[in-house]
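Participant: Reproduced below are the annotations present in Swiss-Prot:
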- Asp89, Ser90, Gly91, Gly92, Phe93, Asp143, Gln192, Gly220: substrate binding site (BINDING)
- Asp89: active site, proton acceptor (ACT_SITE)
- 251-257: region 'RNA binding' (REGION)
- Asp270: active site, nucleophile (ACT_SITE)
- 275-279: region 'RNA binding' (REGION)
- Cys308, Cys310, Cys313, His339: Zn(2+) binding site (BINDING)
Amino acid sequence: MEFKIDGTSQGARACTIKTAHSTILTPVFMPVGTQGTVKALDANDMLELGAKIILGNTYHLYLRPGSKLIKKFGGLHGFSKFPNSFLTDSGGFQAFSLSNNSKPDENGITFKSHIDGSRHYFTPKSVLDTQYDLNSDIMMILDDLVALPNTDERIKTSIQRTTKWAQEAINYHMEQKQKGIGTHQNIFAIIQGGTSKEFRKLSAQQLCDMSDFDGFAIGGLSVGEPNEQMYETVEWTTQFMPKDKPRYLMGVGTPEDLIENIERGVDMFDCVMPTRNARNGTLFTSFGKLNIKKAEFKDDANPIDNECSCYTCKNFSRAYLNHLFRAAEITYFRLASIHNIHYYLNLMKQAREAILADNWSEFKKEFYVKRSK
């Protein structure tokens, strides 16, 4: 991986990340392709939208169709025909959240499949083996995620395990690269610690001392804590993260969350929000959210957003989308998802331009002014 900082403004960073499959300009939002596809869209749609990197989910792909099958097709790129970069998470979050009785121990996580109830065990090495099969460009390590709020003792245990597993993972990755496995794949560690400054500092320092990691993520946020608490935690944590490596905030979030955390030095984001909200009738626009289900749009000839240049806005009216949603037409999911993802990707493009022009404050102010009208 190549990484360079192209410019900064008010704490916000514009960077370039080069992987084996694409050049990624930051700040970057990564659409979530849980099953190897962004819901309702295919590889061509994502290319038309200009996506340079999307997320794949190790837990789901491990269970179905299985990483060995995907490997036969040349990894995720060959299987999905999306030629640009993939980031795959470790699957730890899904093992934690989807299994009724997941049990972490010192060596990994035992969980039951949400599909058929079969028992499985993730370890720092096994999740990397799965990601080697997937041939993703950026692999996330297994981390010990805890629900918030929680006891100090449990959060301390989470940090200790995550650090231990990170060391196991990076050692294993270096060994595998010596064998010619995963030579072009990059590996990120995940900082934990809840919303405690003391714990976040401890986790960040322990992980960031492991210099062989290609980047670092902030995990365990956007799980119900107030927004201001999330922003404070990110601002506190980034100061302990290296400036010369990518910074990734996992599972975040709303357009406002992205703007606030870009200002706090974050480079990379992912969230299911644009596609999930699209399917539920909520569309993102330059002036805020629009609920296409409302009767007021039944005969509205305007596009979703007059300032938007996406395929949906260039071709279809609010009235048509209102009709498709009410009729439960599958086409609605595609057109709405195209719009919402375009909105997110374009917001990141505008943010980058503002950073490079060193007028972040003006950009951020205008972002909020338009949404308050």
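Each Cβ is built from the backbone N, Cα and C atoms, and glycine gets one as well.
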Participant: Measure from the Cα of Gly220 (substrate binding site) to the Cα of every one of the recorded positions Asp270, Cys308, Cys310, then give the nearest.
Facilitator: Asp270
Participant: Residue list, the region 'RNA binding' (251-257) vs rest of chain: Cβ under 8 Å, 6 or more residues beyond ends.
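Facilitator: Residues 93, 219, 221-223, 227, 230, 269-271, 273, 284, 343-344, 347, 367 contact the region 'RNA binding' (251-257) from elsewhere in the chain.
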Participant: Provide the three-state DSSP residue tally for the region 'RNA binding' (275-279): helix first, then strand, then coil.
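Facilitator: For that range the per-state counts are 5 helix, 0 strand, 0 coil.
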Participant: What three-state class does DSSP give His339 (Zn(2+) binding site)?
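Facilitator: Going by the DSSP assignment, His339 (Zn(2+) binding site) falls within a helical segment, counted as helix.
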Participant: Calculate the distance in Å between the alpha carbons (Cα) of Cys308 (Zn(2+) binding site) and Asp270 (active site, nucleophile), and round it to a whole number.
Facilitator: 21
Participant: May I have the list of same-chain residues other than Cys308, Cys310, Cys313, His339 whose Cβ is within 8 Å of the Cβ centroid of the recorded Zn(2+) site, in sequence order?
Facilitator: Pro303, Ile304, Asp305, Ser309, Tyr311, Thr312, Lys314, Ile338, His342, Tyr343
Participant: Pop the Cα-Cα gap between Cys313 (Zn(2+) binding site) and Asp143 (substrate binding site) into the table, whole Å please.
Facilitator: 41
Participant: Helix, strand, coil: count each for the residues of the region 'RNA binding' (251-257), based on DSSP.
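Facilitator: Helix/strand/coil tally for the region 'RNA binding' (251-257): 3 helix, 1 strand, 3 coil.
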Participant: For Ser90 (substrate binding site) and the residue listed as 'active site, nucleophile', what Cα-Cα distance in Å is obtained after rounding to a whole number?
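Facilitator: Each residue's Cα considered, Ser90 (substrate binding site) and the residue listed as 'active site, nucleophile' end up 14 Å apart.
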